[in-house]
């Protein structure tokens, strides 16, 4: 089985690095994406996965073209503006999924190198993992990943399967004379996609697979971001805790200087890795926030102007988009706060009995921590909770403009 139910590990068992990235890696493979495909000795499996991925995205983008065509046709008139705005958030979601997959493909080798570097500094034995509190970070990360994934995939699943479930219940259980052949997304097909039952189901399941591909590619890039930031946060917090607890008076000056030298090297490497995370993900997050602002706006507009059935569907969509932005901002804020802690810990440790040279090195550590590790999308401030409020503000401005246009 792809997702086997695993027995939860106790705090007395060693956690491997691969366990922290297994969920996004395995989930990604369900659409054919394997980050480590170049290391797969099975050439046939490698090319089959690649073919499945390309085929899935060709199918996905063919339906996106149909959505765009539907939007263009209906945006021309105020009488069909509601129908146009109904498909707009789906188009925005699709563009985000496409752009994230494109960004991952471009930065694949850099991302693999980043994961390899994180694996090199990952604590391996049980005693070290207890000091790093690896078990806590793994549990917290898995909870966030699970809830985030369920919410986002609920959106795509509800839009995909609701029309078929509704039609089936009405036809077989409620005695409806016809089986309504509707689709979960508004699409302008270049052929008659409803008259012939075979064509309808072929198109319907093609659309369902398209939604699944979009959902997985949309979610998994964020899951990889969560996995990398979680580990960097773990390293920064370990440095801060270890630095604050260090008693310089119990060691010789030579031992103190050696300790600080090793810690500075370790800190510098963690900062370099955080900068690489910024280089890989910052532009993706910029587009993500811009598109999310529009998606939240259009989904919110549909909630205020649609019938009860659509309100439920778009509320799920609205919630998933909000949570996605919040999760990214939360982990960006965690990176900033954990790396900033190092300076406070350096100041709070018992440095009074130490030498002048030791104190001078501490000053450099404190000065470096004034510029914390962060993710900095172009034109945006470093990602934090303040960024979340900025995205919400942008969404509301678009929403107010749209309501003014629609209601006059």
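The backbone N, Cα and C atoms fix where each Cβ goes, glycine too.
From the options 124-144, 145-165, 166-186, 187-207, the stretch Swiss-Prot describes as transmembrane segment is 145-165. Taking Swiss-Prot as the reference, the stretch among 277-301, 352-376 described by the feature transmembrane segment is residues 277-301. Judged by membrane topology as recorded in Swiss-Prot, residue 99 shares a side of the membrane with residue 271. Checking Swiss-Prot for transmembrane segment across the ranges 53-73, 242-262 points to 53-73. Residue ranges 12-32, 75-95 are listed, and Swiss-Prot annotates 75-95 among them as transmembrane segment. Annotated range for transmembrane segment in Swiss-Prot, selecting from 101-121, 311-331: 311-331. Proximity of distant same-chain residues to the transmembrane segment (53-73), defined by a Cβ-Cβ separation under 8 Å and at least 6 residues beyond the stretch ends, is recorded for 31-33, 80, 83-84, 87-88, 90-91, 94-95, 97-98, 101, 185-190, 206-207, 209-210, 213-214. Shown for the topological domain 'Cytoplasmic' (96-144): DSSP residue counts in helix, strand and coil, namely 42 helix, 0 strand, 7 coil. Annotation: stretch 277-301 has the most Cβ pairs under 8 Å to the transmembrane segment (75-95), among 145-165, 210-230, 277-301, 311-331.
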